[in-house]
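Visitor: Pulled these features from TrEMBL for this protein:
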- 39-53: compositional bias 'Polar residues' (COMPBIAS)
- 57-67: compositional bias 'Basic residues' (COMPBIAS)
- 266-417: domain 'PROP1-like PPR' (DOMAIN)
- 192-226: repeat 'PPR' (REPEAT)
- 227-261: repeat 'PPR' (REPEAT)
- 262-296: repeat 'PPR' (REPEAT)
- 297-331: repeat 'PPR' (REPEAT)
- 332-366: repeat 'PPR' (REPEAT)
- 402-436: repeat 'PPR' (REPEAT)
- 437-471: repeat 'PPR' (REPEAT)
- 541-575: repeat 'PPR' (REPEAT)
Amino acid sequence: MDCLRSPFLSPFTSSPQNPFALPRPRPRSKALDSKPPVRSSNASDPWSLSDGNSGRPRPRPYRRNPRKPLSDDDARRIIQAKAQYLSRLRRNQGSGAQTPRWIRRTPEQMAQLIEDDRDGHLYGKHVVAAIRKVRALAARPEGSYDMREVMASFVTKLSFREMCVVLKEQRGWRQVRDFFAWMKLQLCYRPSVIVYTIVLRIYGQVGKIKLAEQIFLEMLEAGCEPDEVACGTMLCAYARWGRHKDMMLFYSAVRRRDILPSVAVFNFMISSLQKRKLHVKVIQLWKQMLDDAVEPNRFTYTIIISSYAKENLVDDAFDAFRKMKKAGFPPEEATYSLLITLSVKHGKGDDALQLYEEMKTLAIIPSNYTLASLLTLHCKNANYTKALVLFTDMERNKIVLDEVIYGILIRIYGKLGLYEDALKTFEEIKIIGLLNDEKTYVAMANVHLNVGNYEEAVEVIELMRSRNVELSNFAYNVLLRCYVAKEDVVSAELTFQMLSKTGLPDAGCCNDLLRLYAKLGLFEKAKVLISQVRHDDIEFDEGLYKTVLEVYCKEGMIDDAEILMEEMENVDLAVDRNTKTSLMAMYGAAGGLLKAESLLKNLEQPDPIAFSVMLCLYLENGDSEKAKEILESLCQTNGGLSTANQLISKYAREGKPLVKADIYIIHLICT
């Protein structure tokens, strides 16, 4: 067998002669031999003129007019065949050359192929048999077999490389553990980082992190220095199963050893961190990656742009986007969609539209999510013409509308006052079976609410509830506004309680219910609601401040009103004219005439209502001089005479007696 591996002999050399065998018959003369000798040639060109001279006679083609034969009748055929062969060689040059496999093999490789008995397969038959035998152990319970007995027939038959192949082709972690233990008992075994990396990869795929850590420590104890692949395999195992703390600790240890993971490992790590919404750590790892001069690829840029967008870092996201295009990586539609949504969210509508135009230039068809963001932008800007153009683009690109876009379309119809179109679109969604999102229901309920169809709005919300669609805070808010508009106190209070169970109501909901109480004169319930809002630490907005102050004024709660006014000054909220007029009446009723006068002086342009309030206060206190001054100012304003007449009529209706001097003053001024 050693002779077959000699580079000087052909792998098909015949066996040497037996010295004890009978002598061979004497060969005949070459002249008498009809068959030409077969000669071996090491030339690269397999064609020669002698190959065509076969000893077997060939039938000559029938010709009507036989011509004079050539000196060698097969010469033309051989020349043509050789020309075709050379043409094929020229055509198949390079990596795709269709050269027969036996031509590419050296004699040593042919001898090894015959010895391995692969028969054209990737591995030898004994390797395939070992793989199947170890895989079959997966059907047997753990502890019911001994790997030494199972692999007894393969002792000394598998080389170290072949044992690594058997280990790599296993699917179960138990078979890997047992075979690796048997493998270490073989004479040809030598500790190598390659075999340990194979075991680490399989353990990491099935989540056996503890076993992987033990194998890694064993590799260090065996004197095998971990390389980039082994460390990257361990990092990917941590990342795959969400062990991010251990992953970052191991990454720090790897960097201390000056081992730099590949970009694929970095991608695996940042992708795992992003799935757990750890965008801050993604950004930190990205910066370390740039500091280590690791070249990011398209997937890396996509992940980091997404994390920047989730953290609302607009400038950083666009900076990474520009670097991505500069590096020659064309962004995907999802990347454009993230940046468009981010721009719309932060009020950068021009950037969003520029990105959309860039998508159209690159022939990237936008998704429904991208189109929904652009439609939302046009709705905010009340630019319904561009929204119509966008719908035209969707029809041209044959984009099927989803429920989100239908909901935006309903809101657009509502803003334009196209009530019938909105109702028709809602019924169309209901027929085609796309009515599943609560935002679509709420959009239609808002349209009904804005046109005053409160019953229809309540019916839409009840339809949503009957279809087991969970009501959000926004849906409860719309339902509360419907009941407030209908002045249905019981239903409004019940809706407010249900809203409080889902979470703390916002200032708008509290203001709606409080205005209903104030409108119906239910000030006791209003004060209870204000106390509850104070207890729950609900943040006030401008509308809630004014409504609470109005309740305090009507109830004469001076101290509470002054405290609330100080709070409004602290948040830079000014008290409007109507509220100050109510405060003047409250101060006058409580005997604080001086405070009422101070409020009147603070008004830049007092209206007739403010003058009439002070006039009533002066008349009730019997201060005729100041009443005369206020009455003069009242008559000089627009509508002052009408207000004075209404005031006299009011006193007459209420039966309040006026002093003669007061009547004289009023008569004198008005005439």
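For all residues, glycine too, the Cβ spot is worked out from N, Cα and C.
Map these features onto the structure and tell me what's around them.
Guide: Listed as Cβ neighbours of the repeat 'PPR' (192-226) (distance under 8 Å, sequence separation of 6 or more from its ends, same chain) are residues 160, 163-164, 167-168, 170, 173, 176-177, 180, 183, 233-234, 236-238, 240-241, 243, 246, 257, 259.
With helix defined as DSSP H, G or I and strand as E or B, the repeat 'PPR' (227-261) counts 26 helix, 0 strand, 9 coil.
Packing against the repeat 'PPR' (262-296) from elsewhere in the chain are residues 228, 232, 235-236, 239-240, 242, 244, 247-248, 251, 255, 303-304, 306-308, 310-311, 313, 316, 327: each is 6 or more residues past its ends and has a CB under 8 Å from a CB in it.
Outside the repeat 'PPR' (297-331), and at least 6 residues removed from its termini, the chain residues within Cβ reach (under 8 Å) are 263, 266-267, 270-271, 274, 277, 279-280, 282-283, 286, 289, 338-339, 341-343, 345-346, 348, 351, 362.
Under 8 Å from some Cβ of the repeat 'PPR' (332-366) lie the Cβ atoms of residues 298, 301-302, 305-306, 309, 312, 314, 317-318, 321, 324, 373-374, 376-377, 380-381, 393, 397, 399, all in the same chain and six or more residues away from its ends.
DSSP assignment over the repeat 'PPR' (402-436) gives 28 helix, 0 strand, 7 coil.
For the repeat 'PPR' (437-471), same-chain residues at least 6 beyond its ends with a Cβ under 8 Å from one of its own Cβ atoms are 403-404, 406-408, 410-411, 413-414, 419, 422-423, 426, 429, 478-479, 481-483, 485-486, 498, 502.
Averaged over the repeat 'PPR' (541-575), the predicted model has a pLDDT of 77.
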